[in-house]
Amino acid sequence: MKAIGLPDDLIQKGKDIKGVSEVVQEGKHFKVTITTGSKMETMTGEKVKTVVRMEGDNKLVTTFKGIKSVTEFNGDTVXNXMTLGXIVFKRVSKR
């Protein structure tokens, strides 16, 4: 998290937080439409334009500011891995 510019207090808040995310899928439309440009907000609050690609039937992939984000849906599990160089951040959630 430090590698993407998050200060220590936000890193600690991220470790302590228990959140709920809503994911709604209608065909190839999630909150973004696959393969079209969309604006996303980074963990530092910066808004960036990126393209989200769908790989297979259950994986969303995008790259922004040198970070590769892969979100995979398997049954009731949502796994997200973000990679910056040799640093990998993984989060697993339940639907």
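The backbone N, Cα and C atoms fix where each Cβ goes, glycine too.
According to Swiss-Prot:
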- Lys13: N6-succinyllysine (MOD_RES)
- Lys18: N6-succinyllysine (MOD_RES)
- Ser21: phosphoserine (MOD_RES)
- Lys28: N6-succinyllysine (MOD_RES)
- Thr33: phosphothreonine (MOD_RES)
- Ser38: phosphoserine (MOD_RES)
- Lys39: N6-succinyllysine (MOD_RES)
- Lys47: N6-succinyllysine (MOD_RES)
- Lys59: N6-succinyllysine (MOD_RES)
- Ser69: phosphoserine (MOD_RES)
- Lys90: N6-succinyllysine (MOD_RES)
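Lys39 (N6-succinyllysine) sits 6 Å from Lys47 (N6-succinyllysine), taking the Cα positions as reference. Following the DSSP three-state reduction, the secondary structure of Lys13 (N6-succinyllysine) is helix.
Separating the Cα atoms of Ser38 (phosphoserine) and Ser69 (phosphoserine) is a whole-number distance of 14 Å. The 10 Å shell around the Cβ of Ser69 (phosphoserine) contains 18 further Cβ atoms across the protein chains shown.
Counting other CB atoms no more than 10 Å from each candidate's CB, the modified residues Lys13, Lys39, Lys47, Lys59, Lys90 peak at Lys59. Considering only the modified residues Lys13, Lys59, Ser69, Lys90, the residue whose Cα is spatially closest to the Cα of Lys47 (N6-succinyllysine) is Ser69.
Distance between Cα atoms for Lys59 (N6-succinyllysine) and Lys13 (N6-succinyllysine): 28 Å, as a whole number. Taking the C-alpha positions, the distance from Lys90 (N6-succinyllysine) to Ser69 (phosphoserine) comes to 10 Å. Summarising the environment of Ser38 (phosphoserine), the number of other Cβ atoms within 10 Å of its Cβ, over all protein chains shown, is 15. In the three-state DSSP reading, Ser69 (phosphoserine) counts as strand.
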